[in-house]
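For reference, the structure discussed in these notes is given below.
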Amino acid sequence: SFVFIQDFSKAMSQAGSSQFQEVIRQELEYSMKVELDKILATAHSNEIEHTKKDLEGFKKLFHRFLQEKGPSVDWGKIQRPPEDSIQPYEKIKARGLPDNIASVLNKLVVVKLNGGLGTSMGCKGPKSLIGVRNENTFLDLTVQQIEHLNKSYNTDVPLVLMNSFNTDDDTKKILQKYSHSRVKIYTFNQSRYPRINKETLLPIAKDVSYSGENTECWYPPGHGDIYASFYNSGLLDNLIAEGKEYIFVSNIDNLGATVDLYILNHLMNPPNGKRCEFVMEVTNKTRADVKGGTLTQYENKLRLVEIAQVPKAHVDEFKSVSKFKIFNTNNLWIALSAIKRLQEKNAIDMEIIVNPKTLDGGLNVIQLETAVGAAIKSFENSLGINVPRSRFLPVKTTSDLLLVMSNLYSLNAGSLTMSEKREFPTVPLVKLGSSFTKVQDYLRRFESIPDMLELDHLTVSGDVTFGKNVSLKGTVIIIANHGDRIDIPAGALLENKIVSGNLRILDH
């Protein structure tokens with residue numbers, strides 16, 4: 001009894017009577033259950049246990065997807081967070097550090113979200129294995145940072161990587177190279193959920209395998225999956241048994257997300273004696289961040305509101321830098337005992353993100369996801385901390401990569417800090433055109449990374465290459481029109497310049 005529906009939400013709104021809607025919902029859930037059972041029946045005996053857990057988790061998410069009336073928050077209920085619910089970092093830092101910082105550090109676990117592939121930058125395999133600085137990858141820098149902490153304070157802070165089925169094998173192979181480093185490294189896997197056909201709302205997978213042509217049938221369901229998969233892996237309980245109390249979670253491609261001792265101390269030794277179960281680092285929005293999720297007060301709880309949840313009529317207001325001044329960096333500090341308690345009560349509530357995709361063959365699918373920060377409203381005594389922008393240094397594109405490879409930053413024990421030679425602390429705005437999108441093309445176009453200490457803005461478009469030791473200052477715009485090519489010669493200084501047309505320096 002399949003019900004084919006062009007557009008589920010449209011059908012629901014037209015369906016009118018709640019009884020009829022309920023019948024449709026039940027039919028869809030029943031059809032889904034039948035399909036998932038068929039998939040499970042194809043699993044080998046050694047896969048049955050975790051496949052079953054994955055499909056159970058998916059079934060719960062699908063059930064909620066059918067129940068919920070769209071993503072919108074009730075705009076009228078959104079309030080500014082109360083003064084004390086978002087603390088300035090300066091105030092937290094001013095408390096200083098206790099003498100026994102090692103005993104505080106020994107309660108910490110660093111968790112990096114490592115499920116993403118480098119595809120948006122034209123790389124195969126895990127994004128964390130892309131070289132960022134002096135041949136060091138994101139993962140190398142992370143290990144160096146934690147090793148430096150452990151050596152400096154004689155502590156045992158472990159690193160936990162949340163992999164996805166896309167990144168697990170490649171990551172595990174590379175981990176052998178850290179076997180002698182002073183960091184214990186653990187991994188666990190995100191769930192693997194089936195993509196569903198947008199029109200039938202049924203899985204496109206016919207069996208449990210996810211290699212070859214079946215890779216497109218499955219997806220990792222967003223980083224909100226961390227709570228269930230961390231708990232299900234058994235690692236959460238092991239770390240609690242070892243006396244660990246907090247995790248510091250961040251995206252592995254955010255190079256600013258290093259362990260901050262002042263925030264950790266604030267968590268472990270709260271000024272009012274009442275511990276926070278969840279801290280979200282936020283930072284001030286610039287024009288580049290208008291789409292970032294923001295913290296609001298909603299029904300007496302701190303709540304993360306993402307742009308996808310905002311009713312269309314209010315999107316411009318949401319993007320305004322004056323009304324919503326901050327956004328979520330996705331650097332989060334969460335109490336392990338609270339994750340365990342909430343997970344066991346099935347009480348972690350995160351909005352569902354419906355992510356539409358078109359597969360290579362043209363099929364429209366949707367994947368249901370959740371975001372880790374959205375759970376803030378389920379925890380007790382949550383807090384936002386407004387941190388300096390330097391704690392948010394994500395590398396999503398080769399434009400970001402150019403910044404972190406340049407002399408704007410110096411590298412010390414795995415941590416990047418803004419060079420003291422730069423006179424103002426803001427980062428230049430860099431826009432590299434489509435000829436630079438893939439990492440290998442980008443690397444081919446720079447003989448060496450230009451001096452950018454005095455750069456404010458760089459736009460490059462078209463077939464452009466840079467010779468060695470180029471300096472860029474002020475605002476520089478370089479545009480090679482279709483069919484033209486511009487070679488910036490070695491040693492050139494471009495200051496407040498627009499370069500266009502054809503420019504080739506020929507070596508005789």
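Glycine too: its Cβ is placed from the backbone N, Cα and C atoms.
Sequence annotations record features per position, and here TrEMBL assigns UTP binding site to K127, Q190, G222, D253, K396. Taking Cβ-Cβ distances under 8 Å and a sequence gap of 6 or more within the same chain, the neighbours of G222 (UTP binding site) are I353, N355, E369, T370, A371, V372.
Long-range Cβ proximity for H223 (substrate binding site), meaning a same-chain Cβ under 8 A and a gap of 6 or more residues, is found for L113, G115, M162, Q190, N251, N330, A371, V372. Residues or ranges marked as substrate binding site by TrEMBL: H223.
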All-chain count of other Cβ atoms within 10 Å of D253 (UTP binding site): 22
Other C-beta atoms that fall within 10 angstroms of the C-beta of Q190 (UTP binding site): 28
Listed binding-site residues (K127, K396), ranked by Cβ neighbours within 10 Å, top entry: K127
